[in-house]
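For reference, Swiss-Prot has these:
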type	residues	note
COMPBIAS	146-158	compositional bias 'Acidic residues'
COMPBIAS	217-229	compositional bias 'Pro residues'
MOD_RES	9	phosphoserine
MOD_RES	111	phosphoserine
MOD_RES	158	phosphoserine
MOD_RES	161	phosphoserine
MOD_RES	200	phosphoserine
MOD_RES	203	phosphoserine
MOD_RES	219	phosphoserine
MOD_RES	225	phosphoserine
REGION	1-205	region 'Necessary for transcriptional repression'
REGION	119-234	region 'Disordered'
REGION	201-377	region 'Necessary for interaction with CBX2'
REGION	280-325	region 'Disordered'
MOTIF	172-175	motif 'Nuclear localization signal'
ZN_FING	19-59	zinc finger
């Protein structure tokens, strides 16, 4: 020994003193007799007992423990390099704990950031969703089986005094040549001046007052749309084929509303619409009423209708306009025919979404029938 010192890097030193099985510093070193690979005593004995009768490093055959021998010289070398084995192991445990804690904190922070990012993305998608003019709007057009040609289908029954509150243009709907128009005699009397028959609708001259309606108040312009718990329901509203006579006021209506609207809402809406349309029909016949003169397009006596006359004082008295205050959802009953031609009366508290799921169950607009209630209470 001449006292020569050789510098060895900690990395290479650690690889020489490490057990290939537990990847820790060798303890009670055992060396194979044939290939001279070193392992911890407990590690190699456990490997042999598990049935793996070969060297874990080079796969050379190891019959039993007799193929191993202890290596006290290597243990002495390790004790020279690391005099305090317990201190080294304690330091190693502290490093592992610190690394584990740091890794857990990083994983937690990354998880929180990912959650915040996903929430922000979903929130932005909800904000960017297109806002219609009013989510509670019911789109309706008149006709005897086809949508009528109403030029302004967006009247709000519940707020007639604020027509400017409806924002934006209405969505386009299919137009058909149904019997939705009405002809008004310009020189007619009180009853003979209206020539549209049952189901007529003066939607063009009234600017959309008969074309549509809502089941609730409209949303102001720019306001966020209210939540839609039940989505939207499209339905076809027809008169009852057995309970509604042809001479009565009846027409097919096409309605689009929210799924949380009830059958009572539809009944009240229908009563309001029919009362309003009858009132406007009577208003359209006022030019030929009492006191009205002859017209070029009227009858030979200038009356233009059954109740009109050349002199205003001799004609029948003008009937009073129907009031909208007494309108009730009890005036009309709603029916549904799930199949087989049998009509079922719907309870007023049922929502349209529940009716669609319980009675309809087909992929086309919900079809309902209406008829005047015989004994409204």
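Cβ from N, Cα, C; glycine included.
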### Query
Under DSSP, is residue 111 (phosphoserine) helix, strand or coil?
helix
### Query
If you run through the zinc finger (19-59) with DSSP, how many residues end up as helix, strand and coil?
9 helix, 9 strand, 23 coil
### Query
What does DSSP assign residue 9 (phosphoserine), in three states?
coil
